[in-house]
Every structure is written in C-alpha cells, then in structure tokens.
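K.L.:
Below: one structure in structure tokens.
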2 protein chains.
Amino acid sequence: MLDQSRRRNLSAAPFLEAAAGRTPSRTPVWFMRQAGRSLPEYRRVREGIAMLDSCFDPALLAEITMQPVRRHDVDAAILFSDIVVPLKAAGIAVDIVPGRGPVIANPVTTAADVAALPVLDHEIDEVAQGIALILEELSDTQALIGFVGAPFTLASYLVEGGPSKNHERTKALMHSDPSVWHALMERITTTVIRFLHTQVSAGIDAMQLFDSWAGFLTERDYRAHVLPYSKQILDSVAGMIPRIHFGVATGELLPAMATAGSEVMGVDWRTPLDVAASRIAAAAGPKVLQGNLDPALLFAGAEPLQAEINLITQQARTAIAAGHATGHIFNLGHGVLPSTDPQAITDAVAMIHQQ
Amino acid sequence: MLDQSRRRNLSAAPFLEAAAGRTPSRTPVWFMRQAGRSLPEYRRVREGIAMLDSCFDPALLAEITMQPVRRHDVDAAILFSDIVVPLKAAGIAVDIVPGRGPVIANPVTTAADVAALPVLDHEIDEVAQGIALILEELSDTQALIGFVGAPFTLASYLVEGGPSKNHERTKALMHSDPSVWHALMERITTTVIRFLHTQVSAGIDAMQLFDSWAGFLTERDYRAHVLPYSKQILDSVAGMIPRIHFGVATGELLPAMATAGSEVMGVDWRTPLDVAASRIAAAAGPKVLQGNLDPALLFAGAEPLQAEINLITQQARTAIAAGHATGHIFNLGHGVLPSTDPQAITDAVAMIHQQ
C-alpha cells in the first residue's frame, strides 16, 4: 500500500481545482522547464555542480524547484528532476553531458542486456527529502507536480546510448524483436513506477508523465509497443492524484495517449486546443487540457504574446463550451527555452491570470 | 517566358503517370535522400570534396543523382543539390559544415540586413549542365525530379545563422516585425523561383518543394507568414511540370499546405495516408499522395518492412477508393538515414513494385 498520509488538502489551489474539472478562482498556469536555465538564480546555484548531482541533493533540488514559483507567481511548482534519475538510482551508468543530454555507458541491444538491466528496488530518499522541503515552502494555493519520464523515451536513451535524432535502433528493436522490446519496457516501467511512488508517498499533489520522443512514433507503433506501459504507470496512482500526460509533437497520438488514463492531457503547440480536445474527447471522453503556447512566442514581445494568449484561452473556452474538455491549465506547448528572458515569463503569467 | 523546349515526353514513366492522376504500370517509388551517404559509391566520389562544391560540379552532381537509380531501380531520380545552393549562388556567405549543417556567416536580423541580402539574378549554369548529363542517362520510364527548399526553411537558416532546434529568433522576427519578415520572404522567394526556373529550363520532369522546418509552425503562423511565398514558387511553374509539396511533421499543416497548389502532397510518416488524404481533400480537393514509410523501418528486417509496405499501400488504396486521393507515389515519410543498409533500400523498392 502506498503511503498517502503526506498528501496536502488544497481545496483552494487553482491548479488542482482545474485539474479536477472544477472552476478555479483564476486560470492556473505553470510552464514546463520553468525551473532551469532561463533563470540567473538557477545558473548561480548550479555553478560547478553536475546536473545529475543536483537532482540527488535535497536542499538544492528544492531550491531550484521553488525559484520560478517565487519569481513568476505560477500556480504550481514542478519537481526539479530528470527523466534518467530513476535509471541512475537503479544503478545504470548514465550521465548527463552538457550540450548533449543523457548518455548511457552500455547501450541495451540484446535479450541478455535487458535481463541484466538493473531495476529500481528502493526509495530515492534524496528526492523524498527534497519534496518535504518544497512542501514546507509552498502556500496552500500552490501545487507541487511530480514528474516521471515515459518508458518509450527512456528506452530510446537506453537503446541508442544517448539522444537520437531518428530513434532508428529503438524502432528497429521494437519491430525486429518484439519480445526483447517488451521485456525492456517491463523493466523500465517497474523502475518508473517505483520512483513515482516515492514521490507520491513524499506528498506530491499531482504528477506529469512526460514522453519527450513519443511524437516520433506512428499511432499504431505507439499503441502496440508503448501505450500499455505508459498506462501501467498512470494506473499505479489512479484515484490518488491528478495525472497529466504530455508528449512533444503528438497531434496524431492524442487519441491513443488519451486512453492511457490521465485526467489532464498536455497539448503540444502545433495542435490548436480545440482540435486537440475533439480528438481526445472522441477517444476517451472530455478531459482537462493543458497548454499550449509556443515557447518561441516568449521572444516576440508583449503585443504578439498577449494576442497568442488570448487566442489559446479562446480555443480552450470553445472546447469547454462544446463539451470536448472539462477545464484548462495554461502552459507552454513544450519547455521554456534556455535563452528566454525571465521577465517575459513573469509577464506571460500576469497576462494569463487576467484572462 | 520559360524555355520548355528541353522537356522530355515520357508517356510511360510510372512516376509521371501517377503524378498526373493516371494509373501507372507499377507503383512508382523514389526515396528522399536516396542519393547520399547511405551509398558507398557516394562516399567514394565525395571524398575530399566539400558538400557545396559537389553541388556546383556538373559531372559530380549528375553522377551522384544517378547512383541510386542504377542501384535500386527507383522510378525517379532526385536532383542532387542542397536547399542553400541558390543562396550561395546569389552571393550569400554560406557553408555546409559536416555534422552540423548550413551555417550563415552574417545572420539576417534587421531591415537593413534584409535590404542588403543578395538576390539570385542569373542562371546556375553548373546545375543546368548537370541536369543535361542526367537526362542523357535516364531511360524514358525514369523521371528526374528537381528540387528547391521552401522560403520558411531558408529564412530560418538566414535568421538563426545555422540549424536551430526551436527557431525562436525566426518566429520572434515573424511576430515582432512582420514587415521585415515579409521583405525577407519576398527576397528569398525571388531567389528560389530563379533557381527553379533554371532547373525547368534545363529539362526536369517534375519538382519538389521541400520545407524541412514548416512543421515547427502553428497552422495560423504558416498561413499568415509562409504559405503565400510557397504558393508563389509553386505557381511559377504551374501547368509545366507536376509539383510535389512536402514538409516534415506537418500533419496539422496539410490543409494549409494543400492550398499552395501542388498536384502531389508528400506526407510525413506520422500521419497515416488515409487520414492525410481526408485532410487534404477537404481543404483542396483530392490530390496524389506521396509517402510515407518511416525511414527507421529500413533497419527492422524484411518481415516488418514488408508488413509496413503492405499497410501503407492499403491506406493509399483506401484513400483513393474513398475519393480522397487520385493516386499514390511510394516514398519514405522523411529522408533515407545515412546509416541505412543500401540493400534494405533495394529490397524495399522490389517489395513496393510487387504491390
């Protein structure tokens, strides 16, 4: 049984009200990658500290998680972590190389590699301690969103050995040796669920399943080789906390992804919210929408930014009025870009709160 | 007036029959980037020769264009060139850096930069001579497809100064200073049309407008800031040769792109052909479909490859039977990956010809 005693009771948090399909006191907003390189205070505290080390330092990960909440008045904190944290904790040799991304020392290609792949079998205490520190500082209108990477994206890193432009080895494995593929996905899923449960027991208020690379799959590959595992992860915390499911460039996958069970669907900026809502509702009934400002609009100045925020809000309202969605959490349609001016983020949050 | 005297009369070429909406003697197939790094004979002839130099060497570009035709029995040659060739010929300082891509010495950011941007005002004789050599070698069942890059993709290279992951400077310019943006697109469009007309006068049998980065735009940005220029390019050869329009990850843009006027729409692998056909037909009436095998499937072995080819053929037939498409040219849903085994390509062509 999962320990749920640390869950806060936040009846007035706009993010949680919207995630539950109720009417929030204001349009809630948070931004993917709001904690990170766009903030000078982040670059300061990370100086000389490797990315993965910072994810295993309770005080530091809590500080980084809180920085954008203090600065931008967002309605939710997103746990500062990385999708490979549970792999590292399981004992897999992985490092995050600046300018490149996660690099795996021994890529997984054979059945023997999969059988030897370590699975996470313990709590990641540093993250649990970090979450406790974050919850002490958050107000009761501010939610803490936990975060895990989806098994397809993790599998791609493990098979390719690092970031890949085309994921050809991963797709080849999936098609040429499905039994090895499914064994790999099962092991990754066990690890991800264990890490997610650590976060839930530590008291996160919601979670996002982040599938960076799912948008590189056809819908049929996604359904056959990926969806069952993402569903297992979401199922493992069903009824406990609101669940968000997001992948980049997943317009064609929304109907499939919507059946994985989340209450909230994150939408990439390429798909208008009302179009996304129709696809989601047709596949799995109406859900709460999250998104979907193009991160590049934060570089365009106040007037185009305001126009785009108005348009996205209007598309969400159209979807809700049509019965295709049950709410809207404002976000980007992908993560904050590192060179974004932090003031543009603060300004966008203020504009969104006035909607 | 454009010189059309060199146009061949190929009444039995399966590619051209399909492109014209007639029934070809076999399912025509060619692969984007079929000429290039996957072939050992390509790596041999390129040894010690810079990419852009090879595009301005008539004998070499003809040889490279012909290599995959000789090896794979494809139904069309695609002119070996690069989207930045007309920029280079116009006098813009651009180089293709191995492992990185096109790099622009002086990125374009201001109205003055745009006003000073050279425009192509002459024939690119080396390419015309190369086309003449190719046409001598092709049989009358093999078509030569010419090729130009779309103005948005070229604008992104010019504004960002090189390949960009997120195109934030380009999008910021588009939104913050539309008059500078439109002036830039006009100059690029003039250059691209001039290069295309060189190819047409030299005798290409068809053309493809390739928009690598359009899939990074919302449909509304695409319609307002890009579509008019892509349409001008396609319009400039209307009624002369069949026109193909393709962009990567453009599922949401197909309705807009279809209105630019091409006879053939290239479809990325992410969107099933029957779904793509419905979107295209609703926006602009039924067209010929081109696509859309995931290039990664060429790494998966014969059985998964055959299954996928069957499925794609079936989706095309479904679209044609429903009146949503007027034909099918088989292709990948993006370019051949450099590490592809050439034998897998040859095998795929044989499988497709048996459909």
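Keep in mind that glycine also has a Cβ here, set from the backbone N, Cα and C atoms.
Automated prediction, rather than curation, is the source of TrEMBL annotations.
Annotated domain 'Uroporphyrinogen decarboxylase (URO-D)' per TrEMBL: B:28-37, B:145-161, in sequence order. Residues or ranges marked as substrate binding site by TrEMBL: B:ARG33, B:GLN34, B:ALA35, B:GLY36, B:ARG37, B:ASP82, B:TYR157, B:SER212, B:HIS334. Summarising the annotation, TrEMBL assigns site 'Transition state stabilizer' to B:ASP82.
Mind mapping these onto the model and telling me what they sit next to?
P.N.:
Non-local neighbours of the domain 'Uroporphyrinogen decarboxylase (URO-D)' (B:28-37) in the same chain are 13-15, 17-18, 43, 64-65, 67-68, 72, 74-78, 80, 145, 210, 246, 266, 329-332, 334-336, 338, 345, 348-349, 352-353; each lies 6+ residues outside the stretch with a CB under 8 Å from one of its CB atoms.
In this structure, B:ALA35 (substrate binding site) belongs to neither helix nor strand by DSSP; it is coil. Cβ neighbour count for B:ALA35 (substrate binding site): 24 (other Cβ atoms within 10 Å of its Cβ, all protein chains included).
In sequence order, B:MET51, B:LEU52, B:CYS55, B:ILE96, B:PRO102, B:GLY149 are the residues of the chain that are 6 or more apart from B:ASP82 (site 'Transition state stabilizer') and have a CB within less than 8 Å of its CB.
Beyond the ends of the domain 'Uroporphyrinogen decarboxylase (URO-D)' (B:145-161), by six or more residues, the same chain brings 15, 30, 76-79, 81-84, 86-87, 92, 94, 102-104, 107-109, 117, 131, 167, 169-170, 173, 181, 184-185, 188-189, 192, 195-196, 199-200, 204-214, 217, 222, 225-226, 229-230, 233, 241, 244, 247 to within a C-beta distance below 8 angstroms of the stretch.
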K.L.:
With every protein chain in view, how many other Cβ atoms are within 10 Å of the Cβ of B:HIS334 (substrate binding site)?
P.N.:
24
K.L.:
To which of the binding-site residues B:ARG33, B:ARG37 does the lowest count of other Cβ atoms within 10 Å belong?
P.N.:
B:ARG37
K.L.:
Could you give the number of helix, strand and coil residues in the domain 'Uroporphyrinogen decarboxylase (URO-D)' (B:145-161) as assigned by DSSP?
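P.N.:
Per-class counts: 10 helix, 5 strand, 2 coil.
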K.L.:
Could you tell me the mean pLDDT the prediction assigns to the domain 'Uroporphyrinogen decarboxylase (URO-D)' (B:145-161)?
P.N.:
98
K.L.:
Looking only at B:ARG33, B:GLN34, B:ALA35, B:GLY36, B:ARG37, B:ASP82, B:TYR157, B:SER212, B:HIS334, which the record lists for substrate, tell me the maximum pairwise CA distance in angstrom.
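P.N.:
23 Å is the greatest Cα spacing among the residues binding substrate.
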